[in-house]
């Protein structure tokens, strides 16, 4: 917008408030501080615990409260690089729709779980970890368990069910992972991992990156899940241990955004910071480049280096479609795109061997982008199979693509 255009527009507006400091720019800054403020785990779960399976393995688990009526336990497995907190909003939604309890696990090498060999991420090892953990949690009688897995967690859920490690398993839902498309994507996975920033200056900066990069499209989900994916470089502990953040830290995080533009100033900010005579405000701060902001302070980094797990990638997804179809359990597949099916699953779907649901307008993290819709689909499936009862006024809808 030229100076002439701005002058014409300003002449048609009512007089500004003396001082000129109350405007859209300030409101936007305050909203950004609020938007990227991380959330605590106890806003979504009733309990967290570190379960010692043996002297070599301790796993962090999160549980929702016990249902008012008998219902299954939803065993939720996160994707590679995520943590159990990725299911936070989904848990709140699904427990309001059906009588069930959610059990979320930080898998080996992720979150707050601690094992001797964190680099062993083979499908068999991860599946055995889950089986041993379930037996440890329920030593007397294992309740009915319905397993739900996203991405890598979906592949591990299939392996876990295929190995029949828990006799009380009643069904499975796999979210946005298909053998054919996953195997094709492996070729570009290393490039994708290298494109991510290695460090973050603060937790709000990490949340901001999560949203702006498109990893998660729901800011409310990112605010609780992203702290579970990064660690403090000084303490080497998960970022969730640094919560809650003080107002001073949040204010500082706002001024060190990872996404400034070094060569321009937004129109709203320029108008808000200039006086009536066009003079520059005394508190104006020159934007810094993204590289400078990143190099200034390397306070947080990723909890797990996914690039080192490359040797296990093929093992996660190879033969996945056949194993999924051959499970003697009710099966459900949720996808972000109808194009995600491979040939094996396309044939299986036409034969009615599993239920498929496509949720549009979302990214790979389907359960984070649209937790309410995912909860509706899974709740309806459990009700139709008489695994759970509806809670409140929830109505089961027929599946559709």
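Quick reminder: no glycine exception, Cβ is built from N, Cα and C everywhere.
Pulled from TrEMBL, these are the features on record:
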type     : residues : note
ACT_SITE : 151      : active site
ACT_SITE : 176      : active site
ACT_SITE : 364      : active site
DOMAIN   : 74-377   : domain 'AB hydrolase-1'
Residue 364 (active site) versus residue 151 (active site) - Cα distance in angstrom: 8
Of 176, 364 (the active-site residues), the residue whose Cβ has the fewest other Cβ atoms within 10 Å: 364
Inter-residue C-alpha distance, residue 176 (active site) and residue 364 (active site) (nearest angstrom): 7
Residue 151 (active site) CB neighbourhood, other CB atoms within 10 A: 23
